[in-house]
Each structure stands twice: as structure tokens, then as C-alpha cells.
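Per TrEMBL, these features apply:
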- B:73-264: domain 'ABC transmembrane type-1' (DOMAIN)
- B:12-33: transmembrane segment (TRANSMEM)
- B:77-98: transmembrane segment (TRANSMEM)
- B:110-133: transmembrane segment (TRANSMEM)
- B:145-164: transmembrane segment (TRANSMEM)
- B:185-210: transmembrane segment (TRANSMEM)
- B:245-264: transmembrane segment (TRANSMEM)
Amino acid sequence: MSALTLSNVTKTFGTTEVITGVDLDVEPGEFCVFVGPSGCGKSTLLRMIAGLEDVTSGDVKIDDRRVNDVAPAKREIAMVFQSYALYPHLTVRDNMGLALKQAGTSRADITAATDKASAMLGLDPLIDRRPSELSGGQRQRVAIGRAIVRRPKLFLFDEPLSNLDAALRVATRIEIARLHRELGATMIYVTHDQVEAMTLADKIVVLRAGRVEQVGPPMELYNDPANTFVAGFIGSPQMNFLKSGPLGLSSAQMGIRPEHLEISTEAGQIAGKISHVEKLGGETLVYVLTEDHGLLTVRLFGEHDYQVDAPVWLTPDAARAFHFDEHGQRLRPGESSAAGRATP
Amino acid sequence: MSARHSLPRSIAAHGILITYTLIALFPVFVIVINSFKSRQAIFREPLALPTRETFDLIGFQTVLAQGDFFQYFQNSMIVTVASLFFVLLFGAMAAFALSEYRFRGNSLMGLYLALGIMIPIRLGTVAILQLMVATGLVNTLTALVLVYTAQGLPLAIFILSEFMRNVSDDLKNAGRIDGLSEYRIFFRLVLPLVRPAMATVAVFTMIPIWNDLWFPLILAPSEPTKTITLGSQVFIGQFVTNWNAVLAALSLAIVPVMVLYLIFSRQLIRGITAGAVK
Ligand SMILES: Nc1ncnc2c1ncn2[C@@H]1O[C@H](COP(=O)(O)OP(=O)(O)O)[C@@H](O)[C@H]1O
Ligand SMILES: [Mg+2]
């Protein structure tokens, strides 16, 4: 049994195909994150699951029931939007209770449900206010409360943290993770921020231009990316991509994470000069301009002093390198003899 | 002090606006003061305020003695308010459909409805009259309400659909997920958010209807269906014009639109400055 199944789902607006055949299985209780750059179709896919957008072809199943032609309100889902989308004319309590009221739940049950959700999210002091009297963070908590009250089979989040400032974003992120543990509900979460994806997900779905690039747990995507896109998207700062030719490799490209590049002022494999240094306290990021590979990032732990324009040498840790073919697909050791690690 | 709020600039801006206000209000002012003067005083010194000697209510007395004047007022009021109601209701509904739903011929339909802004409805007067004769609606207020509703719809749909496009999709979708019907979404979520635009449309629709002489004259000239503008014409003769009565009738005719305007104006100002001030 699965909480959500997408089989070969596509979506076309006019003549442009926005989603090109997505297959996906989400287990009950799983936290699944759709991640990808802006405009890749994450929201469209989520809105198709919610029933707000028709499916051009393919099947959407929630709890093994085909819901292609079921109205959003009847799919037993709840959605939290980036813009909060609270009803401006209703109080916090009525915002949270509206769905139950529409479904014909008794007054006492509605009050019990809203009370419970508001206690869970610390909304009690705000319960009689209107949305215009709340801060951004409070509004988003009310929106989450509105979703909880419905006890849905599926929670859908569309970039719920994008409008919050950095500190609130972290706090709300932790709150959502806690809710997921407490409710044990299935959640689908859309974001363009790979940090949110890494920290929240049981399973990440990386999307590009309406296509699934890779599906897997966060660490699997980090340690075993299927192609250059996933490798570059997951992990911050971004992975460095080096041309294989100057390194004497037979693959087309080599990827190396910034922490796996060794920097030296005396000798190494790749010559370059420092173009910029960022000191973050706990770590230092050094940007090195090289002739063959362009700008490379090196991540060092602790504080380090480097002069801009000073010549340096970089050496990639061969054991930690990823190899890709000319189409950007990963070459795994043993899969192809062309992936030979001809490192000296 | 920022450049936007410097003293000379704000004096200049206020100066220009006050001058414009005075120019715009002057004719109205002349009409109102002269309606309180005797006939000789109107012609001797048209711009003077009424004094103890020249003060005269003869105009108002004539108008009110005319008997049916309240009837005319009532007709104008019924026609204006009813037309306004239908223009706003159907205009908003059509605007919502055009801006919210994707269907075949959506933009063509929008264009067709907007065409009415450019083509005056009076061009169709003959056809409209034939239609009204055929349906037996000549000399009824219904005829006027129908014509004015048709006349007001294009601009209303045009303005309102622009505003409705700006209403958050997320809000409407939240309503759909919570199980609100499309009608509830329209009336409870969308309409309150476009209230300033509705007020703007209301004012622009109401004034031409109230002032219109053409259609009342053609479609409903009978005594019981005369509107105030048509009713006032009895004082303008081919040879003699009862200026006291004309001016008094005009002064009285300003009052109801003023009241309606005041009702909408608070919203109207918000509508005009929407977007400019956050
Ligand atoms: N109603 C629509 N009509 C036409 N194109 C659309 C519509 N909605 C979204 N798109 C297009 O679909 C693509 C994916 O959009 P979206 O799902 O919002 O991306 P994301 O949420 O990943 O940023 C975009 O290129 C967008 O322009
Ligand atoms: Mg989006």
C-alpha cells in the first residue's frame, strides 16, 4: 500500500509540456520533498496531486484510490501555501475550522479540533485575531494549523518558508519536522532550497524541466548522485566540475565537492590563483581561478588566511571524485571501462 | 526631508489641484446660487450671491408644484440603482469567469465584451427601439434598466477582470481545498478583495445613467416613467424658458448622485491609489 502513487503523469499547458511523465511512489508516513530550480514544475505537480490542476495523462492515486476526477475537497488532503492564503475576513479559529464546517462537522467537534491544533502550534493567544493582525511567521503557523485540523491523508506544502526571514525559516522548519514526527502523517513538500530538502526529507525527488532526475534519501543523493545536475544541485557550496582532459582522465567530466579539494601554496595538480576568500568563522571558503577549469571552490574548516591573487595549487581527493560521461550521466566504477581513474 | 515631500513641490501641487477644483466646481456653484435668486437677479448679476432682496424660492416652488417631480426622482433613482446593481453583479461574474477559468475562446470573449467600450450603444438605438416595441417594453422602466445594464457592462468587465487577475490564486485554491463552492469563493473571498474596483466601476457607471436624456426620451417618455433629466425639460420651452425652475431642478438633481458618490468615494479613493500605496 502506498500513500501516493503517480504513474506516468504529464501536464501540458497549451502546447508546452510542463511535466513529462513522472512516476513516483510515496510510503505512508513518509516525508517526501520535491526539489528543483524555479520553474521546473514542482508547484504544477503538487497542484495536480491536490486536484487544482487537471492531469493531462497518467494516474494520480491517493491511498490506492484513483483520484484523477475527484474534487480537491474530496481528496482528503490539506495544503499550505507560500503566500499563507488565509481567509482575510475570518479569525484564526474560523480559518482553521472552515473546512470542517463545510464538511458538516458538529460545532463541538470543530472547537475540539481547532483547540488541539492551536495548542500544538502555540496559537492560543492569537485565536480571535484576524490574519491582518498577525506577523508573517504567525500567519504561516495558522496556515499549518488549518491543515492539521482537517486530519488529511496527505499534507501538501508549497514552499511554505520562502516568505519568512532566515531565523524564522529555521524555527518553522524544525516545527514542521516535529509535527511530522508527532502526527506520523504523509507529507509532500515543495522547495527550491536544497538545505530544506536535505534537512526535512525521508525521500527527495529532484526535478528538472518537468522530469525526475533522481529519487532517494538525502544522503544517497549526496553520496551517489546519478548525474551532474543532481550532483550540482545537492550540497552547498556547489560541487566543482573539472574537465577531464587536462587531468588525463578518460571520463568527460569529474566532480569534486569543495571539501575534497586540497589547497597548497607550494605544489599540486592544478595551478591557479586566489580570487576571493569568504570567512564564515567555522569554515573558510576559498575561490580559486584556474586556467583549465574556471573558478573552483575550496572549503576549509576553521579560520585560514589567504591573500587574494596569491598563486596556489589544488589537488582533488581521487577517492572522493565523481566521474560523468559527455551527457552528464554518472560513470560508476566497474560500470564502464571508460571511467578509468587514471590519476597519477 | 526627501525630495518627494519638499515644501515648494507640495505648494505647487496643491496650487494646481486647488485651481483645478475651483474651475471644475464653478459652473455647479453658479447653478446652485442662481437657483435661489429671482428671475431679474439671475439676468442682472449672474455671478452675485443671493442677497436679502434677490433671494427667491420661486424656482423650487415651481418645480415642486409641478406635481410629478417626486415621481421623476423616484424613476431616476430606480433606474440608476437597479442598473448599477445588475452591472456590478453580472460584470463581476463575467470578469471572474474570464480571469479565473481557462476555456476555449476565453480571450476572444474578453475582446468581444471589451468592444462595447469603443462602440457607443446609441448606434443601436433603432434596433433597440424595435426590440422594445416587439417585447412590449416601451414606456417601462425595465426597458431603461436593460439598456443601461448593457451599456455599463463592457467597462465594468474590463476593469474588474484586470483587478481579479491580481487576487491571489493561492487564496482561491485554499477555498477549493476547504470545500467552498465556486460561488462562495466568488462572493466571500474574491468580491471583498476587489471592493475598491467595484466602487470605481459604480461611480463611472452611475453618472452617465443618471444624466442620460437620450434613452428616456426614446424608450420611456410617458408621464409615469419620465426620469428627472427628462422631466426637467418641461421648463425649457421653444420660446420661453423658466430659468428659475430649470436651475432649481438641476440643483435638486445633484443631490442623489452626491449621496451615492459619498457612499462609494471612500472605496473609490482606495481603488485609484491601489498599488501606489502599499
Ligand atoms: N497556468 C499556466 N499556464 C501556462 N504555463 C504555466 C502555468 N502554470 C505554470 N506554467 C509554467 O509551468 C512551468 C512550471 O511552473 P511551476 O510549477 O510554477 O514551477 P516551480 O513551482 O517549480 O517554480 C513554468 O515554466 C511556468 O511558466
Ligand atoms: Mg512554485
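One-based numbering along the chain as shown.
A Cβ is built for glycine as well, from the same backbone N, Cα and C atoms used for every other residue.
Same-chain residues lying 6+ beyond the ends of the transmembrane segment (B:110-133) with a Cβ under 8 Å from its Cβ atoms: 94, 98, 143, 147, 150-151, 153-155, 157-158, 161, 214-215, 218-219. Highest Cβ pair count under 8 Å relative to the transmembrane segment (B:245-264), across stretches B:12-33, B:77-98, B:145-164: B:12-33.
Counting residues 6+ beyond its ends, the transmembrane segment (B:77-98) has Cβ neighbours under 8 Å at 106, 109-110, 113, 141, 144-145, 148-149, 152-153, 156-157, 160-161, 163-164, 186, 190-191, 194, 198, 201-202, 205-206, 209-210, 227, 256, 260 in the same chain.
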